[in-house]
């Protein structure tokens, strides 16, 4: 019997050779890893907030607000990846608001924390220089308003683009391009501003003392600033890169999905297997890593341990209970920062550290007075000596 002739047309139904296949167990394992990482960060931040109450720090401070924002961010990411355990399809077909809340709003929260850090460190610089340049204090209100305005712009751009992607008939790539152009520019500018603030603080003598009293160092602050700016800059470059590649038609034949996955997964209506893997890696590198570093750096410390550890507090500086975001005993308002005191008034400002010096001086003077009194009462002994 003669074999039927080979017809290449019938091979069109075969799957493409270069299409990647992610085994189900790999996807399930990555989902478990992502969920565990975000859940652990959530538990760690929750413990930090509990320590704020435990050590009786201020309830409302830069530190507590920062931790609350990170806690909300970690909870949203944990909920997002928990959806992929049971229903992968449902996780890709959320309503517009749920899509924005789980995919886009965590990026907004991360930007809010970056803005908050800029606001605080800029205010620290103002207060450190306020004795010699009092006119700097008048810029505090414009600084607050500018930070609020930038945060609102970032929020509105993300919300509008997310709604248009899910409901409108607009070109998806155009919408994402607008979002990337505005939001990533703000990210990079805030990261650069943060690095400049940290650099200025590292050059200030009072700031160095303040960092040492917290148990950190200028090297740690510099490392955190450089890491943050590099991560956020590379994030913006990645988003621009995938936008450029997604417009090249002949690249689509490879169908690897990674060039279509932005940091908010808004370039694809359905996140495929490979796209899901890339999305998780993107969030790990540009969200989980910098947030974890900053949360750990600004964690709540035990004041009792700081008091018993002489290496944590320099002999020339701040009270050991001074922290980056709050002082649980002295600060009733931001105007009570110790840096508002001139250097010549350090003895009155940092009384806890200088009490020991005063006691040593008093004991020395007392001994000198005793010797002088003895020599006065017995002049013969003095002359014989």
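If you go along the chain as it appears here, the first residue is 1 and each next one adds 1.
A Cβ is built for glycine as well, from the same backbone N, Cα and C atoms used for every other residue.
From a predicted model like this one, the values you see are computed outputs, not experimental measurements.
As stated in Swiss-Prot, the feature transmembrane segment covers range 145-165 out of the listed 124-144, 145-165.
Between the listed ranges 5-25, 257-277, 278-298, Swiss-Prot ties the annotation transmembrane segment to 278-298. Membrane topology per Swiss-Prot: residue 93 and residue 123 sit on opposite sides, carrying different topological domain names. Contact check: the transmembrane segment (97-117) against the transmembrane segment (278-298) gives at least three Cβ pairs closer than 8 Å, residues 6 or more apart, which meets the contact criterion. Looking only at the topological domain 'Lumenal' (1-32), the predicted model's pLDDT averages out at 58.
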